[in-house]
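Engineer: Here it is: the structure, laid out below.
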Ligand SMILES: Nc1nc2c(c(=O)[nH]1)N[C@H]1C(S)=C(S)[C@@H](COP(=O)(O)O)O[C@H]1N2
Ligand SMILES: [Mo]
């Protein structure tokens, strides 16, 4: 029987509950990969406003990496748990896609059926009425059932806030952390106080959401419980002892099933992380295709970032090659890059050319100010100068037929490998559209001086529409390839292979 609470409403409420739980748990996984929050745009050590780690950050640049800062959480708490930032991000993306879809359908039906009038206050009387309810709750009393028609004033205010303010706020601060959005709409990210502003506000939103859920679920059971659960389970009708008992059994069973499902997702992911990556990144790629892939950096048209935005501090991920990793790089470093070359290669036809750093600097220069974001959470703004990847690869001639990706390798080895096998050279592949973007360069200067050793000297990749893991440092070789599936573990890069991140680094 459909009473005051139609089936669509109850089904959407349940779906929302499942998805919010997934969002919170995967959000905690993402936060644990860099358990600190800043308002300052460069994330300088010691300037956090909140941290969930006892580790002290060294003040010196280039000695401590964000990978070293990652915390391992229990799979009962986070999704999936155990330092799986890649999978955590995919689960967050997958849940948010369904959560937004569910929310849109809900809003449409709410207005189509007129049920919005029970939630959205249409008179200012709601404020004094809500105040009365609040005073009652604070003195451990309960407003009479007659106040709930079906919601009382305090509920109306709370629900309106969560549905029309908090949920959109989380969506807006969430997308502000995407590098594709930032490079196309830099003013938008600035509006939130930059990447760190968006990240910190998103976290505050999470805390408010969690607080709301705890209150909301508690009040269901504390205030006119029988009526609430009969409405939630049966949609309304008479509140008899028998129906209330039935409803309670169903409710508790459903809640237990949802909790089991949440935890099962963690263990399903950890049991075969490659399978989990394929599934979750496959689903989220649909969202990236629709919303992010066609966004191109504003480039020279961009006025939002200038030299005034340049950060004082720059975090690091990946440490410079050691003697064991690359004797060549270490010797060249001590010798003004004498003897070091960067190879341009067509891996389809086995053709290559080598460039010295001097050769590189003779190619057309391109310079701009941009914010770097590591998907773990830190950011830094610098002026980057180098040669556009399209200009660079022209040195080798026209793009070979069949080449669909550009794969860049490093003199340095990966910090960590999947399954802890011996470390291989760090690499990352990008597609042709990303390569052709105005802010995809092989950089050799930062802030008008040679790039620091730890930031990728003598040359490193910059792909501003993507997160940091695509920006290969200490570049040894750039090559045309048919398909990235033929290299490494076949997922398109070291961080994709080792941490199961997405090939597409736009969010
Ligand atoms: N060779 C190499 N390049 C690398 C990495 C690495 O470990 N090795 N880490 C990547 C990641 S995850 C990030 S966020 C950026 C960090 O750049 P930065 O150290 O210059 O700040 O470098 C990228 N390029
Ligand atoms: Mo990163």
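Start at 1 and count along the chain as shown; that gives each residue its number.
Each Cβ is built from the backbone N, Cα and C atoms, and glycine gets one as well.
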Engineer: Choose the correct range: of 75-95, 96-116, 117-137, 285-305, which one does TrEMBL annotate as transmembrane segment? Give that range.
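Structural biologist: My reading of TrEMBL: the transmembrane segment range is 96-116.
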Engineer: Please identify the range among 244-268, 319-343, 344-368 that TrEMBL labels transmembrane segment.
Structural biologist: 244-268
Engineer: State the residue range annotated as transmembrane segment by TrEMBL; the candidates are 9-32, 33-56, 201-224.
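Structural biologist: Comparing 9-32, 33-56, 201-224 with TrEMBL, transmembrane segment matches 201-224.
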Engineer: Quickly jot the same-chain residues contacting the transmembrane segment (244-268) by Cβ under 8 Å, restricted to those at least six beyond its ends, or write none.
Structural biologist: 14, 17-18, 21-22, 25, 75-76, 78-81, 91, 225-226, 229-230, 232-234, 276
Engineer: For the domain 'Oxidoreductase molybdopterin-binding' (342-481), what is the mean per-residue pLDDT, to the nearest integer?
Structural biologist: 97
